[in-house]
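Working notes, beginning with the structure itself.
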Amino acid sequence: MPDIKYLKKLALIGAINKIIKVSSSEFQKHTGASSKTTARKLKQLEDERLIERKIVPGGQLIKMTDKGIEVLKNEYVDYSRIFSPDLDILELEGKVLKGLGEGQYYVNIPGYRKQFEEKLHFVPFPGTLNVQLSESSSSLRNLLLETPAIRVEGFNDGERTFGGGKCYPVVVGSIEAAVVVPERTHYPSDLIEIIAPIKLRDALKLKDGDRVVVQLKKQGTENQK
């Protein structure tokens, strides 16, 4: 189990976004631990691949890995659940961009399209709105994935097998929509793909780079999680 305290301290002094140079004695001031303990904790973080570290004259170069950042994001989600247990609406903010098209692929296959109509109660427009989440909202993506979802079942059409996925009902600019998350996906952790009954880009006059707010309404129970 990683020592979150030391990982958090590294993030606070900048190692989450860039390579920083810090000596053991300097980092010791941030942790309040002995130099021996500080050195041991840094070695543990490196061994667990939560940080990348290189010893250089005058100190060491340190940068958090994607795995280390994910550990802190999960910690953030836990604290959000502790201090905001009755939060009814989760807001995610990001910018519109051209995406990977996985959600669009789902929308245009009859076996999926029928389920969307039955379970989301709308016929989806044959396309998606792709949103790259801001840094703060990216941290909340895990919280979104832990909320009750609407299950989209996988199926076989006689020629090939299609995997399942989950949908999270959302509102985008007062329009009912849903975030689509395939079971097997190549999405970056900061990207979400949204389907809706109409073309959101046209309805909301959005273009690449525009800011958009996505509101997730928590459901009472998940539909076949």
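Glycine is treated like the rest: Cβ placed from N, Cα and C.
Quick caveat, the model's predicted, so the values are computed rather than measured.
Mapped onto DSSP helix, strand and coil, the region 'Unknown' (1-89) counts 51 helix, 16 strand, 22 coil. What Swiss-Prot records for 1-89 is region 'Unknown'.
If you look up Swiss-Prot, you'll see 90-225 marked as region 'Riboflavin kinase'.
Reduced to three states, the DSSP call for Leu200 (CDP binding site) is helix. Sequence-distant neighbours of Leu200 (CDP binding site) (same chain, 6+ residues apart, CB-CB distance under 8 A): Phe125, Leu129, Val172, Gly173, Ile175, Ala177, Ile194, Leu206. The annotation CDP binding site is assigned in Swiss-Prot to Gly99, Leu100, Gly101, Glu102, Gly103, Gln104, Ile198, Lys199, Leu200, Arg201.
According to Swiss-Prot, the Mg(2+) binding site annotation covers Thr128, Asn130, on the basis of similarity to another entry. Secondary structure at Thr128 (Mg(2+) binding site), taken from DSSP and collapsed to helix, strand or coil, is coil.
Residues or ranges marked as FMN binding site in Swiss-Prot (evidence: similarity to another entry): Thr185, Glu193. Within 10 Å of the C-beta of Glu193 (FMN binding site) there are 24 other C-beta atoms, taking all protein chains into account.
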Secondary structure composition of the region 'Riboflavin kinase' (90-225) [DSSP: H/G/I, E/B, coil]: 32 helix, 48 strand, 56 coil
Segment confidence, the region 'Riboflavin kinase' (90-225), expressed as mean pLDDT: 84
